[in-house]
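Chemist: Would you mind keeping the following structure in view while I ask a few things?
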Ligand code: FES
């Protein structure tokens, strides 16, 4: 395999060379502990401060509102637990069916601990219905927690409106913005969001670093206790190199926000070309969507087989099919959208970045029709009428 | 990304025997197909057989598969394995034979090989007029409703592949891979199978001991049991060299084994291995046993 055509940027991104350059001195020269009482460590403390500034600026927040974390999972877990601790008398929580596992699994655990959780549904486009939120929320709701944009479909939720509803009932509003930071402009100053998670490796910083926005004045209880790092809100010696990298990445993301239109154009060209293949469907909300993501269902064939065929050409994408993950059930997101199995198992996500080029898209468009044709020729299914599947499909759906 | 063997990738990219068999209406030839899986489950296989009626033999086999890389490769492998053999021989093809043909599958993907075995069975039952519905009803209680897996199907896969954990069962027949509310039952089933196995082993061992004490000749069942144990002892050595051995049949004092992988490929190594196995069986079971390798 020669060049890699990387269209899996919602999974992770390439670390920007400028980010690497910014990090290096903190792995070699400036290795001091930022908490130390000497100027060698002090230098490192300054680097942290600068990174905090850079991240705050990307989010339109204040420096004091940024806590560095180790990843999106830590950010989400911290935020949700903090929100619960802030209003211990309220035992009702609201989230959506399409959250990341680090949110869903935590809520499942909380259910076992006596909380009631409402999981808001999504429609065929993967979009939330705010009326459903209005109907579910009460005075005993401690937290509304939702993604800003879905990782699989790119569907962007109306978070500001959702936040306004949460506010009306005095509930904390947490947003998982891992897929959004660097792709859409953010401004926490005018936002209804109380807590917001971001993750470094989704915006060209390394893995192992993230940040949590905590609105000033929020009664915050830390998840990790120990030393007084992060002003007592996240104990543990800071991942200085990672944080410096996240700072630089945030700065670059802000500069590149203007280029997002180009990315979107490429995405649209890719999408149009792929949808020209017969029996394909777009999964997600065409209008309210991340500019870099497209998720397309190729009917009657299976996702892993498509991915491996793409891999032959060095093309990296991702699938909501169960076979890729070791789990046996297809993506909970696509299932929540109510997609039929014919599409569900053959859905592929292409997610672009600012590094994606015209020729990357050209190659995908060149090889994809052949791949689909080959796999369909192998498949016993070629139309929705094949009854021997329909019976079974109903049986299985009914059993769930 | 899954770690697939060259053979899996080769049969995925260049599948053999894909497609359907058009009914040729040739004299003395029957065409039948068997189906398993569904689009809901994420994999499905329609296996087509062309059968020489007189000889009860598979003349040709073709497949249509909806599924992942290993499902497609397993189907293709299956068609290669069964071409030319009789239906009775085909009924003895196990999912392990398919996996072995592929040089192995990731454990999480073993259900693809099981699907092949089941489609083959479905096709042969259909050809022989055995009602598949009946067959399934006979299969005992439904254990996993998410994937429609019966007790007997789980038992069979546990016995044939010597499975010991729920995760393994899930990898082989998917049961337990959905809501996982059937996990406890699967666990009980595994324990029951293991216990039955242990009981049979002690019973046969006791019988053998009595027979030997009284100088009575061993029954065939007793011989098989002893031979299996002895073969288990030599297997690790063969496996280490990329080969394997399996008991095929015994006729009197002639033990027929199938040599697999590296063991089966070259003449001289086959002879050495055959001798090595024979020596072991003679010392463990009966001094006059003769080992023959079947192709
Ligand atoms: S019943 Fe077996 S996984 Fe749900």
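A Cβ is built for glycine as well, from the same backbone N, Cα and C atoms used for every other residue.
So TrEMBL lists these for the protein:
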BINDING   B:41, B:68, B:112  Fe cation binding site
BINDING   B:144, B:146, B:179, B:182  [2Fe-2S] cluster binding site
DOMAIN    B:4-131  domain 'NIF system FeS cluster assembly NifU N-terminal'
DOMAIN    B:142-191  domain 'BFD-like [2Fe-2S]-binding'
DOMAIN    B:227-291  domain 'NIF system FeS cluster assembly NifU C-terminal'
Chemist: Quick check: of the binding-site residues listed here (B:41, B:68, B:112), which one has the Cα closest to that of residue B:146 ([2Fe-2S] cluster binding site)?
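Modeler: Closest by Cα distance to residue B:146 ([2Fe-2S] cluster binding site) among the binding-site residues B:41, B:68, B:112: B:41.
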Chemist: Once B:144, B:146, B:179, B:182 are set aside, which residues in the chain still have Cβ within 8 Å of the Cβ centroid of the [2Fe-2S] cluster site?
Modeler: B:143, B:145, B:147, B:149, B:175, B:176, B:177, B:178, B:180, B:181
Chemist: When the Cβ positions of the binding-site residues B:41, B:112, B:144, B:179 are compared with the atoms of ligand 1, which fall under 6 Å?
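Modeler: Once distances to ligand 1 are taken from each Cβ, B:144, B:179 fall under 6 Å.
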Chemist: Write out which of the listed binding-site residues, namely B:41, B:68, B:112, lie with a C-beta under 8 A from a C-beta of chain A, sequence order kept, or 'none'.
Modeler: B:41, B:68
Chemist: Tell me, how many other CB atoms lie within 10 A of the CB of residue B:182 ([2Fe-2S] cluster binding site), whichever protein chain they belong to?
Modeler: 24
Chemist: Measure from the CA atom of residue B:68 (Fe cation binding site) to the CA atom of residue B:182 ([2Fe-2S] cluster binding site) and give the result in Å, rounded to a whole number.
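Modeler: Cα-Cα distance, residue B:182 ([2Fe-2S] cluster binding site) to residue B:68 (Fe cation binding site): 25 Å.
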Chemist: Just give me the nearest neighbour of residue B:144 ([2Fe-2S] cluster binding site) among the binding-site residues B:41, B:68, B:112, Cα to Cα.
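Modeler: Its closest listed neighbour, by Cα, is B:41.
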Chemist: Rounded to the nearest Å, what's the C-alpha distance separating residue B:112 (Fe cation binding site) and residue B:179 ([2Fe-2S] cluster binding site)? Just drop the number here, would you?
Modeler: 20
Chemist: Write out how many residues of the domain 'NIF system FeS cluster assembly NifU C-terminal' (B:227-291) are helix, how many strand and how many coil, based on DSSP.
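Modeler: Output for the domain 'NIF system FeS cluster assembly NifU C-terminal' (B:227-291) reads 36 helix, 19 strand, 10 coil.
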Chemist: Per residue, counting other C-beta atoms within 10 angstroms of the C-beta, which of the binding-site residues B:68, B:112, B:144, B:179 reaches the highest number?
Modeler: B:112
Chemist: Highest CB neighbour count within 10 A among the binding-site residues B:41, B:146?
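Modeler: That would be B:41, with the highest Cβ count within 10 Å.
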Chemist: Under the DSSP assignment, what numbers of helix, strand and coil residues are found in the domain 'BFD-like [2Fe-2S]-binding' (B:142-191)?
Modeler: 28 helix, 5 strand, 17 coil
Chemist: Average the per-residue pLDDT over the domain 'BFD-like [2Fe-2S]-binding' (B:142-191) and send me the rounded value.
Modeler: 91
